[in-house]
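Quick look at what TrEMBL annotates:
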{"type": "BINDING", "residues": "B:T15, B:H16, B:N17, B:P18, B:G19, B:K20, B:S76, B:F158, B:G159, B:Y160, B:D161, B:K181, B:H186, B:R187", "note": "substrate binding site"}
{"type": "BINDING", "residues": "B:D46, B:D75", "note": "Mg(2+) binding site"}
{"type": "ACT_SITE", "residues": "B:D75", "note": "active site, proton acceptor"}
Protein chains: 2
Amino acid sequence: MPLTLPTGQKIVVATHNPGKARELAAILENRFELVTAGELGLPEPDETETTFVGNALIKARAAADASGLVALADDSGLSVTALGGAPGVHSARWAGPTKDFALAMRKVEERLEATEGEDLSAWFTCALAVAWPQGPAVVVEGRLDGTLVFPARGTRGFGYDPIFLPQGRRETFGEMDPAEKDAMSHRALAFEKLKAALL
Amino acid sequence: MPLTLPTGQKIVVATHNPGKARELAAILENRFELVTAGELGLPEPDETETTFVGNALIKARAAADASGLVALADDSGLSVTALGGAPGVHSARWAGPTKDFALAMRKVEERLEATEGEDLSAWFTCALAVAWPQGPAVVVEGRLDGTLVFPARGTRGFGYDPIFLPQGRRETFGEMDPAEKDAMSHRALAFEKLKAALL
């Protein structure tokens, strides 16, 4: 079994979020036939690992083995240097059950103030995993460094985007044109690596 | 970067155990130029994940990024159905700092007795990860089902081998000829998958 993804390959995207599936479809240039884990009624596995690639792998593995299809999963988040990498794999959890990222961003600001340090550096990570049913899996990771800004700026993007200023840029991800963000983001970097490896 | 391992490729084996490196060299048919993480003085990362592939990935990733070489790591263990998969990724830990597997096997027996159940089924898992420096990684997993036997039988092999009777066999891994074990083991199954994926 060669580790490649031929054009037209049917792929299950291990997300129950239709928006994320659409975003992935756009990035994959409509090269594949995509179906989501939600559409197939697959269960959502627990994300028990301490790393982004570990959790992406759990999701891709579960979807591939349950569906018999090649599966793609992502896991991403914000890591803050002065917080020892937090929120990291708990980035979504910090927003609580209502996915309140205004709350999550305040939490980051408060914890940073508690450190009384000067280091505002942070990075976004996106891990991608592709798993073959009962077979191997390939994982890649994209990382984008930046600086946190308070107060938050901009209403575009999602998650922690309004407090993240990518290195060398004037606009936060919350202010930036979506196409510009999509071209430089941690997700784009991860997909570049995945394409180089598998396409 | 194609996901293949050309003959003669220099590979760092992410183990500080010379015996394990020799075992891996034999399995890899001396096809590659192997060096160990111990020989290179690389630090041993914490194995923080809940899955075998997750921990293999942590070890391979750390060795690849620290050395600039392609890295191979394994993680393996025994899972007991009636114990909910324990000891699992904690298989080595159950043997304590002195690596006392007689102790670990007694612990399995005691916990099984406490369940008062009839289910003696168990399986060995071997996960392998190959990571490219700052690049992708490939993971595979081999699984071998069997039955636990008490008291332990045989003095060959290592770890939990003397209490593990592979499905359809008369001898435990502790009694079996090493070459016979090596041909059918969870490690062999994982390497078959890895070869199919990368060679």
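The backbone N, Cα and C atoms fix where each Cβ goes, glycine too.
Those TrEMBL annotations? Automatic predictions, nothing curated.
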Nearest-integer angstrom distance between the alpha carbons (Cα) of B:D161 (substrate binding site) and B:D75 (Mg(2+) binding site): 16
Alpha-carbon spacing, B:G19 (substrate binding site) to B:D46 (Mg(2+) binding site), which is rounded to whole Å: 21
One should report the C-alpha separation between B:S76 (substrate binding site) and B:D46 (Mg(2+) binding site), rounded to whole angstrom, as 15
What whole-number distance in angstrom separates the two most remote CA atoms of the substrate-binding residues B:T15, B:H16, B:N17, B:P18, B:G19, B:K20, B:S76, B:F158, B:G159, B:Y160, B:D161, B:K181, B:H186, B:R187? 23
Between the Cα atoms of B:H186 (substrate binding site) and B:D75 (Mg(2+) binding site), what distance do you get, rounded to the nearest Å? 11
Tell me which residues of the chain lie with their Cβ under 8 angstroms from that of B:G159 (substrate binding site), as long as they are six or more apart in sequence? B:L78, B:S91, B:A92, B:A95, B:F101, B:A104
To the nearest Å, how far is the Cα of B:N17 (substrate binding site) from the Cα of B:D46 (Mg(2+) binding site)? 16
Calculate the distance in Å between the alpha carbons (Cα) of B:D46 (Mg(2+) binding site) and B:T15 (substrate binding site), and round it to a whole number. 13
Suppose we draw a 10 Å sphere around the Cβ of B:D46 (Mg(2+) binding site). How many other Cβ atoms does it contain, all chains included? 11
Give me the Cα-Cα distance between B:D75 (Mg(2+) binding site) and B:T15 (substrate binding site), rounded to a whole Å. 10
Which same-chain residues, if any, lie at least 6 apart from B:T15 (substrate binding site) yet have Cβ under 8 Å of it: B:A21, B:L24, B:T36, B:A37, B:G38, B:K59, B:A73, B:D74
Position of peak Cβ density within 10 Å, selected from the binding-site residues B:D75, B:D161: B:D75
Please determine which of the binding-site residues listed here (B:N17, B:S76) has the lowest count of neighbouring CB atoms within 10 Å. B:N17
On a count of neighbouring CB atoms within 10 A, which of the binding-site residues B:G19, B:H186 is highest? B:H186
